[in-house]
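First comes the structure, then the notes that go with it.
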């Protein structure tokens, strides 16, 4: 790749709602735009999902399409296609504490009265648990319906409140993201975790859609190490990037 205009500047992107519509595949136009953006600045992506799910959205070559690819908030880190770091929830918490948390959560979901339930209520990832009251096996239509229902009935915020109080001794962070679930991970394992790999950059611009308190982009958006930008859609992301990096 030819020398970039601003190699010391990093543009770092959330995935869901920022580069793609929620849980949808990236458009060819957006992929082409990101390719053009790499001619101007260094580019990275950071998502809460594991690498398999991020690859489903951004393509199988995601670790080489961007200079940095951080899955599970950076707990699994790639630079130029090479794995540069991993961290494990199991080794950090231990099986006994994990089991206690999972058992309580499944009991809570079992007693939850919501219109529908499907399957995969807890997804165990290397660096976090993803908890979904409706279950991740639901269809896109069911996802959309649950998101509307949750906005009225606060199913996820209420559940997070109960779990936060019950497991205060574990020092966990609860982060509501996407349409149907929330992530659970040790304090400090939010998206700011990936910043440890980015010390060389003088300027880091972060783009995300859930930048409000409690959203899974909040901590990195507010970090002293980043310049935060709230976006509303992939089109808005592209528009802001054009204005910031490509208009000079």
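The chain as shown is numbered from 1 upward.
Cβ from N, Cα, C; glycine included.
Taken from Swiss-Prot, the feature active site, nucleophile covers 14, and the record attributes it to similarity to another entry. For the recorded site, residue 14 (active site, nucleophile), the DSSP three-state label reads coil. Every protein chain considered, the tally of other Cβ atoms within 10 Å of the Cβ of residue 14 (active site, nucleophile) stands at 27.
Sequence annotations record features per position, and here Swiss-Prot assigns active site, proton donor/acceptor to 16. Here the Cβ of residue 16 (active site, proton donor/acceptor) has 24 other Cβ atoms within 10 Å, regardless of which shown protein chain they belong to.
Among the features that Swiss-Prot reports, Mg(2+) 1 binding site is placed at 14, 16, 209, with the record citing similarity to another entry.
For 23, 125, 136, 143, 181, 183, the entry in Swiss-Prot reads alpha-D-mannose 1-phosphate binding site, with the evidence type similarity to another entry. The secondary structure of residue 143 (alpha-D-mannose 1-phosphate binding site), as reduced to three states from DSSP, is helical.
What Swiss-Prot lists as Mg(2+) 2 binding site is 221, 226, and the listing cites similarity to another entry. Secondary structure at residue 221 (Mg(2+) 2 binding site), as computed by DSSP, is helix.
Same-chain residues at least 6 positions away in sequence with a Cβ under 8 Å from that of residue 136 (alpha-D-mannose 1-phosphate binding site) are, in sequence order, 118, 119, 120, 121, 123, 130, 180, 181. Geometry remark: residue 16 (active site, proton donor/acceptor) versus residue 23 (alpha-D-mannose 1-phosphate binding site), CA distance 6 Å. Secondary structure at residue 23 (alpha-D-mannose 1-phosphate binding site), as computed by DSSP, is coil.
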